[in-house]
Amino acid sequence: MSAISHHSLSHLNSTVSKRLMPTYSDPVVRIAVLDTGFDGSHPDFSHPRTAYFTGPFSDLPQPEKDEEPQLTRIKAYHDFCQPSPPGDRQGPPPQPHSMVDLAGHGTAIAGLILRLAPRAELVIGRVCHGVDSNELSAPDPSRVAAAIRWAITQKVHIINLSLGYRNQPLKELLPLRAALLEAQRSNILVFASTSNQGSHEPAAWPASDARFAIGVHSCNDMGSAPSGSSCKASENGYNFMAVGENLLVHRLAQKGGGFELVSGSSFATPVVVSVAALVLAFVWQEECKRERDEVGREVMLEDLGSLGGMGRVLMALGEKTAGSYWAVGMKLFWAGYREGDGRDPEKEEKEARRWAWGVLRGAVAY
């Protein structure tokens, strides 16, 4: 078994545990995963999200304490591969047996977000059957467009698109372009994977165009270099990168369950989606009301719902590396923060929060 990537995600998880102070009265970030569906029968989803892995192969999940089962955070599901139209209202949460995933791609992506973004709610749109490799990476654009419009009715804040298009006639992409612009008008952030065609190929669309999505490349666990399969940096798009090599994700129950290793920009994308969700969760939490009111008088915090605004924040959290690629910081706002000596935890907590809001103010006001 290849070495499991743990460095980046360990930094992210420890930062969340130490710096975010969520309460159940805080607004909840809602994320749409539009992919191959979701395997609700996987036993791990009946437990709280994984805190860490143990065992001889480091693949035995140890759940977080005092958190709800992951399945309760799946709030809606619709199969766009079937002819039945989706409802335009939020209904009851889906039952595990009612959700389908034949490939495991969507389950892996949703599982990463459930693990990395505590309390975030998910809505799942199945937009590809997952039995054909070409359809998996580039499903019917009109189907994805319909799923985006459904996600808008589900009041999501972020959409994960681990898919993309190459050499597609513009006419075929027009419905999807329109849906992406509609999502922007609804202050919904869209993240898309750039693809894994290597440095001789450009990024897939919409990741290649900053007008439609925030593009994400895969990089190594240290965040120091893009993966060998990463396509070349886009001239007109964001070139964020996050760990996408040897990530441990849920394996379909029908294939034995448990976990397996995957690599690619498809899986780096939900890592960055989780970071964006954590940024929103931090800003919205009750603990930050005073800072939110103060900073909100100086800058437009609503810009966090725009591609440009969130893009600037993600740049502020990370650093430019390896040419035009930009590594997203797994320590969130606190990469350059100097820890106190622990003698006055309450004071240090306030100072850490003040530091974070300083970073945020500078990024949004740019």
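Each residue, glycine too, has its Cβ placed from N, Cα and C.
Pulled from Swiss-Prot:
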- 1-321: domain 'Peptidase S8' (DOMAIN)
- Asp35: active site, charge relay system (ACT_SITE)
- 79-98: region 'Disordered' (REGION)
- 83-96: compositional bias 'Pro residues' (COMPBIAS)
- His105: active site, charge relay system (ACT_SITE)
- 261-283: transmembrane segment (TRANSMEM)
- Ser266: active site, charge relay system (ACT_SITE)
The DSSP breakdown of the region 'Disordered' (79-98) into helix, strand and coil residues is 3 helix, 1 strand, 16 coil
Work out the three-state DSSP category of Asp35 (active site, charge relay system). strand
Under a three-state DSSP reduction, the secondary structure at Ser266 (active site, charge relay system) is helix
